[in-house]
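Trainee: Below is one structure. I have some questions about it.
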């Protein structure tokens, strides 16, 4: 039912692969067991499932998840998500990754076109729409950065990588430290940096 095709990338808590699941192309994240910080690894896996039942055009959809994995994989579990490609907003802004946005009107002198005002507005609207939806579901993404915004072939931005997210119970959080082990320090929410509780 699940067949891994090729690696797409890896991060602090696991690896992501392009795969097929029941014949459909998907992305598969295998959350690795961390010998140094098992609690953080577990938190990352369960945080990814905060969006498991949500469907929104600007949020990467979780298709399925399992905690069953062969011992040889050293994995806490597997998360199967919709495949949205491997281009992120980081690639678009900084011109990294695959040959992206190659063009003749190279404004920066580095072999890529600058984002147009129209693209900038469209991407911003997609991200804000996705965030507003997540907040309406009491979910806070605690590692929102260009590398976690995926851009589809149709040019739609989707928020992904929820390994450092939090579901606010009854609109409040009593644990500001939930994801301080993970996430990107330079993109961390101000309230986390101050040691305050997470807000939406």
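Even glycines carry a Cβ here, placed using N, Cα and C.
For reference, Swiss-Prot lists these features for the protein:
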type: DOMAIN; residues: 2-200; note: domain 'Protein kinase'
type: BINDING; residues: 8, 9, 10, 11, 12, 13, 14, 15, 16, 29; note: ATP binding site
type: ACT_SITE; residues: 143; note: active site, proton acceptor
Trainee: Between residue 10 (ATP binding site) and residue 143 (active site, proton acceptor), how far is it from one CA atom to the other, in Å?
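Mentor: Residue 10 (ATP binding site) to residue 143 (active site, proton acceptor), Cα-Cα distance: 16 Å.
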Trainee: Counting only residues 6+ away in sequence within the same chain, which have a CB under 8 Å from the CB of residue 14 (ATP binding site)?
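Mentor: The answer is 29, 30, 31, 32, 44, 75, 163.
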Trainee: Measuring CB to CB from residue 8 (ATP binding site), give everything in the same chain under 8 Å that is also at least six residues away in sequence.
Mentor: 16, 17, 18, 27, 86
